[in-house]
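Visitor: Have a look at the structure that comes next, please.
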Amino acid sequence: MSSILVEGGKSLRGEINISGAKNAALPIIVASLLSSKTLVINNVPQLSDVSDMLFILKSCGVHVEIVESGTIALTANNISCHFSPPCNIVKKMRASIWILAPLLLRLGQVRIALPGGCAIGQRRIDLHLAALKAFGANIQLEEDYISANCSSRMHGISFKFDKVSVGATITAIMCAVLANGSTKLANCAQEPEIADLCYCLRKMGANITGIGTANISIIGVKELNGANYSIIPDRIEAGTYMVAAAITQGKIKLNNVIFKHLKSAITKLRLSGAIIQYQNENSLIIEGANIIKPLNIQTNPYPNFPTDLQAQFMSLMSIADGVSIITENIYENRYMHVFELIKMGANIVIQSREAIVTGVKKLHGADVIATDLRASVSLVLAGLSAAGITRVKRMHHLDRGYESLVEKLQNCNARVQRIPD
């Protein structure tokens, strides 16, 4: 365990290179299980979630080679149902549910522990299991385990998700690429990370159309090839550092970004008073305003405002000049950071799914506790703007989704340091 000490009150100024997207890296890493050939993945962020997923794949028999920093080569030519993914790691990662489909397709049977992850609401797996069953899998839940088998090759289906789900969309896509026949998926999640997975699978030989839309069509192939693929930049990391500039009235240049992926965040930041200029094809400069204007924000599936930026924007709105209303429509329990922000002087009232944020002139430093990945970084952001020193505890959450955050902030003159508890 470790903490981050943040001394606030300094405008951030500098340049940050955005890392590869965690939420694209994880499913693409899992996709290596779909082929016996080598998949080389570039722009892989160095995160604990990535390390844990690679460890899970190693336990399944995948050969993992670190080619160089940010590049890995995965070869799944020796996987076996006799390998057992480690329960302690599977249980703490909700993304581990994705190994079910490829292992089932390759081996015909699989048994894994129920997945975990951040303690945010009811991140259920029922949509994943419904998709697997529709493709022909037999599923049994045994206390803390999922057992699945498929007596023959999975078959193509027409399937409409009951609700938009990033994770279940990924599971269904992985089933469909090797299923026998044609699959039509409706009401799919449209996140860029799902499109990135599809483009990687297409490079491996998958037949996929409708990428990036709510309706995806896939014609199954008998086998996939290897490929060399680069992961898209992390739009959530980029949005986080944009808030860092805005909340400190600073000026930061961000490199390796995709503008269209940031459209909703950029729109809200401009409404708050920030000045954002595009520099070239993949760089932008954001300059924070002296007076931050309040916002109304509703989280919804892409291309709308992302739930993964809700906590960061709440920190920003806590010092806005007026009242903001933030509505969390994705998860029912994603306001755990609110109680920590209140310790720092924020004026926030929760009413069901709404957070009513009345801006204060200044936050003050305090000892606060991170409860999940995005909450942890929102508290660091609040600390950057606060008077005095903020200590954010349980920073292992941060390591799951932010590569070198302390170093990147220090490069922008932030007074932050990591210390052991």
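Glycine is treated like the rest: Cβ placed from N, Cα and C.
Take a look at what Swiss-Prot says about it:
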type	residues	note
ACT_SITE	Cys118	active site, proton donor
BINDING	Lys22, Asn23	phosphoenolpyruvate binding site
BINDING	Arg94, Lys163, Val164, Ser165, Val166, Asp308, Ile330	UDP-N-acetyl-alpha-D-glucosamine binding site
MOD_RES	Cys118	2-(S-cysteinyl)pyruvic acid O-phosphothioketal
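I'd like to know what surrounds each of these features in this structure.
Guide: Less than 8 angstroms from the CB of Lys22 (phosphoenolpyruvate binding site) sit Pro45, Leu47, Asp49, Val50, Asp234, Ile236, Arg400, Gly401, each of them six or more residues away in the same chain.
Here the Cβ of Ser165 (UDP-N-acetyl-alpha-D-glucosamine binding site) has 23 other Cβ atoms within 10 Å, regardless of which shown protein chain they belong to.
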Visitor: Could you check the binding-site residues Lys163, Val166 and say which one's CB has the fewest neighbouring CB atoms inside 10 Å?
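Guide: Candidates: the binding-site residues Lys163, Val166. Fewest Cβ atoms within 10 Å: Lys163.
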Visitor: Round to the nearest Å and give the CA-to-CA distance linking Asn23 (phosphoenolpyruvate binding site) with Arg94 (UDP-N-acetyl-alpha-D-glucosamine binding site).
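Guide: Roughly 12 Å, rounded to the nearest whole number.
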